[in-house]
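Inspection log for the structure reproduced underneath, given as structure tokens.
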Amino acid sequence: IGIIKSAISPIYLPICIIEKDNVKHLLKSSILKNNVIRYCHSNITCNGEICPLRQAICENNISSSIDCNDLNNVYLINGIPGLKDWQFKNNFKSMYMKDEEIKNGILGDSNVEVVSKTTTSFFILVGIFFPSVTGIMAGSNRSGDLKDPSQSIPRGTILAVITTSVIYILLAFLLACSIQGILLRDRDGLSINQQLVEAVIAWPSSYVIIIGALCACFGAGLQCLIGAPRLLQSVAKDDIMPLLKPFQSTFRNEPFKALLFTLTLSEISVLVANLDIVTTIVSEFFLMCYLSVNLVCILQTLLHEPSWRPRFRFYHWLLSFVGVVVCISIMLISSWYLALITLTIGIIVYLYIWYAGAN
């Protein structure tokens, strides 16, 4: 709503730019005493004292990428010009950077300006974003609670995928149309007093985004804490892995031990304190899961199992084979070494099940 409103009444969110050799350097608001409007200029003195920007660049000389002469090219721009000032053309081109860069091949100085916090590429970002679209199995994980799983799961899953895809694509498109690209790449909001740019543009209040993000996090977390322990308990009850026998028991019809194990594993992930690392690891295991599902579908079809009767009229085992290839490809291009570790773990688990079953 806030983005659409910006087409009529743009939001004014000033950011401070120093342009050098046709390259824009986005300054941190902290070196301007978090008052960008007042101190984003080349003046020497402010109220009888040396201005903060000149103090940082000229007197303290804390920047290796900007010097005193560059202060002649300092200016303010609106970080959120809105849909009225169409930004899609400027933001359409990709800009992947390495650590500490402000533009591809150009290093910045993190003391005074916003720089890339990590090396990025299309494939790295796929690995980071992938956990956002892994809820496709949520319905299957709760199949025991559904009245008619064979009807509810396919319809619900397809509708959920379509709905979330439209929302994600539309949100990315609208943000690219209404916000300066240099501000979009400011991941931590260092140029705008560490604010969340989506919260600034939200209507009627920034708390809409903050509360919504918290609710989404709690909702997704609770969904995992509900589905994962039951899945672990079901695998344990199948008695194909003796190692999981302790998770067979329940307390008041709840998989208490499995829940504690899931909670502990989640807490360890949180304590890593780097979501980019955690999401990449999570992506690898989700892809391993989808790879296994597709592989099982192929084997069931080729072995002509009587219990395997797909209701989708256009199903063919080649579709599952394509799924296997896509999963392996994304695993390898996201992080080849994590992919190898994940595949090794999967093979070890398979061999353990085969060995335990033989005994």
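All positions are counted from 1 along the displayed chain.
Backbone N, Cα and C define each Cβ position, glycine as well.
According to TrEMBL, the features are:
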- 109-353: domain 'Amino acid permease/ SLC12A' (DOMAIN)
- 120-138: transmembrane segment (TRANSMEM)
- 158-184: transmembrane segment (TRANSMEM)
- 204-228: transmembrane segment (TRANSMEM)
- 285-303: transmembrane segment (TRANSMEM)
- 315-333: transmembrane segment (TRANSMEM)
- 339-357: transmembrane segment (TRANSMEM)
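Residues of the same chain lying 6 or more positions beyond the ends of the transmembrane segment (315-333) and with a Cβ under 8 Å from any Cβ of it are 123, 126-127, 130, 283-284, 287-288, 290-291, 293-295, 297-298, 301-302, 339, 342-343. Sequence-distant contacts of the transmembrane segment (285-303) (same chain, at least 6 residues past either end, Cβ-Cβ under 8 Å): 130-131, 134, 137, 310, 317, 320-321, 323-324, 327-328, 330-331, 342-343, 345-346. Across 120-138, 158-184, 339-357, stretch 120-138 shows the highest tally of CB pairs under 8 A with the transmembrane segment (204-228). Per-residue confidence over the domain 'Amino acid permease/ SLC12A' (109-353) averages out at a pLDDT of 85.
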